[in-house]
Amino acid sequence: MTAQPPPSPHETASAPATVRVALLGCGTVGTQVVRLLRRHSAEIAARVGAPVELVGIAVRSLDADRGPDVPADLLTTDAEALVRRADVVVELIGGTTTARDLVLEAIAGGAGVVTANKALLATHGPQLYAAADAAGVDLLYEAAVAGAVPVVRGVRESLAGDRVMRVLGIVNGTTNFILDEMTTGGHDFDVVLARAQELGYAEADPTADVEGHDAAAKAAILASLAFHTRVSLGDVDCEGITGVTAADIEAAREAGGVIKLLAIAERVEAGSRESVAVRVNPVILPDGHPLAGVRGAYNAVVVEAEAAGRLMFYGAGAGGAPTASAVLGDLVAAARHRGQGGRAPAESAYAELPIAGPEHVTSRRQIRLAVEDRPGVLAHLATTFAEHGVSIETVRQQAGDDEAATLAVVTHDAPESALRATISALRETPGVRELLSAYRVERA
Ligand code: NDP
Ligand code: HSE
């Protein structure tokens, strides 16, 4: 049997019970949750149908300055005791160990849980969903994917009657901000990353952003929802943006496109079985693509569904206040369920689709090569492509100095295995001095 938290001290026969909320973490997002919860308490209570009381805020340090919106008397370092006093627990501490233990404890105690922690869900999701199911409580996570953008509900609920074929999106604000600033302002990677940290977009360890792991966690969550199957962080083929150079950005611009870090999840055939392939990598988007104009720390997710066609979800993907908006939306839902009963939709993983490796994906590439500028080199290159069954769509050559040239070859769609073999053979092809880059190219 599930242990319930003790009755609220405010509960009476006639008045609705006060919903007691525990906040775990009071950093970039938590501070904004406190501010908005206090500022709009009357409206939130009206929407929930009961008063909502913030009963405590767990942090690591009681001495840090958290601004005027955070009542010092609510701060505690005893997160476990706080969890036991709550009807709804909001987890905003990040990480996968303490956060997991506290969430499991909250669920076991019968509290609903709201979290923005994509790493937690992409790593321990099945254990947490199972625990929430067993306890009959909410586990809500709208803020975990694309900040303020309501894409989790959109995919999980609005598209529950459709068949999603493909999801592709810009789901990391930090990397989009960095690439955008490098593209439009010609700024240096490190300078822009520091600015993203100042603005509160980056993770506590920004490696998770720039190496693509944060986007991969979000991709795993979106893929699980879209395809009703289990996808975890380790299933995502992941490459970040640390290798993207100013020259790559310029070459993409010359080809009429921009480089964006995309998360792509799609149904593919692998060994004649329908499977799911999920990847995160920098991609060249032609300027006409709906995701090409997504600037700054904004996020956007395009969902292609059989009946609905192409949908796009767009908005602020990171930062304290936008993320707090999504957290509070979930908090209202979980608090409402406490008073009025019911539960948000649980995990749906019935499809049990296998995960396909990257070799089963088909895509186009723009392959840039530094070559010797002499007769026969193009013929050697064409032979290498042909030998691997990869068809060329366009070739652009730029003369350089020292009898050298840069070639940008865009292929037609080809299987990833053939593309990888071509790329490795090109390095050995006569006349090739260096393989400069090999980005995937999306169609508009
Ligand atoms: P911060 O690093 O700014 O804040 C983390 C907070 O958690 C701090 O207040 C910290 O306490 C507290 N904390 C850390 N460990 C513990 C612990 N063991 N016990 C108690 N408190 C602890 O993180 P963010 O607010 O940026 O992010 C929070 C979560 O939201 C993460 O999962 C993140 O991935 C997610 N998220 C963040 C977004 C953003 O734009 N920032 C957007 C969407 C999701 P102290 O202050 O004392 O150090
Ligand atoms: N670090 C994340 C980002 C926060 O930049 O998108 C939002 O999840």
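Each Cβ is built from the backbone N, Cα and C atoms, and glycine gets one as well.
Unlike curated records, TrEMBL annotations are generated automatically.
Listed in TrEMBL for this protein:
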- Leu24, Gly25, Cys26, Gly27, Thr28, Val29, Gly30, Thr31: NADP(+) binding site (BINDING)
- Lys118: NADPH binding site (BINDING)
- Glu203: L-homoserine binding site (BINDING)
- Lys218: active site, proton donor (ACT_SITE)
- 366-440: domain 'ACT' (DOMAIN)
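Mean pLDDT for the domain 'ACT' (366-440) in the predicted structure: 95. A Cβ within 8 Å of the Cβ centre of Leu24, Gly25, Cys26, Gly27, Thr28, Val29, Gly30, Thr31, the residues given for NADP(+), is found for these other residues of the same chain: Leu23, Gln32, Val33, Val59, Leu92, Ile93. When Cβ atoms from all protein chains are considered, those within 10 Å of the residue listed as 'NADPH binding site' total 30, not counting its own. The 6 Å Cβ screen around ligand 1 retains Thr28 from the recorded positions Thr28, Thr31, Lys218, ordered by sequence position. With a cut-off of under 6 Å between the Cβ and any atom of ligand 2, the recorded positions Cys26, Val29, Gly30, Glu203, Lys218 reduce to Glu203. When the Cα of the residue listed as 'active site, proton donor' is compared against those of the binding-site residues Gly25, Cys26, Val29, Gly30, the shortest separation belongs to Val29. There are 25 other CB atoms within 10 A of the CB of Cys26 (NADP(+) binding site), with all protein chains counted. According to DSSP, Leu24 (NADP(+) binding site) sits within a strand segment. All chains included, 17 other C-beta atoms sit within 10 angstroms of the C-beta of Gly27 (NADP(+) binding site).
A helical conformation is recorded for Thr31 (NADP(+) binding site) in the three-state DSSP classification. If you take the C-beta of Leu24 (NADP(+) binding site) and look for same-chain residues 6 or more apart in sequence within under 8 angstroms, you find Gly30, Ile57, Ala58, Ala79, Leu82, Val83, Val89, Val90, Glu91, Leu92, Ile93, Ala99, Leu102.
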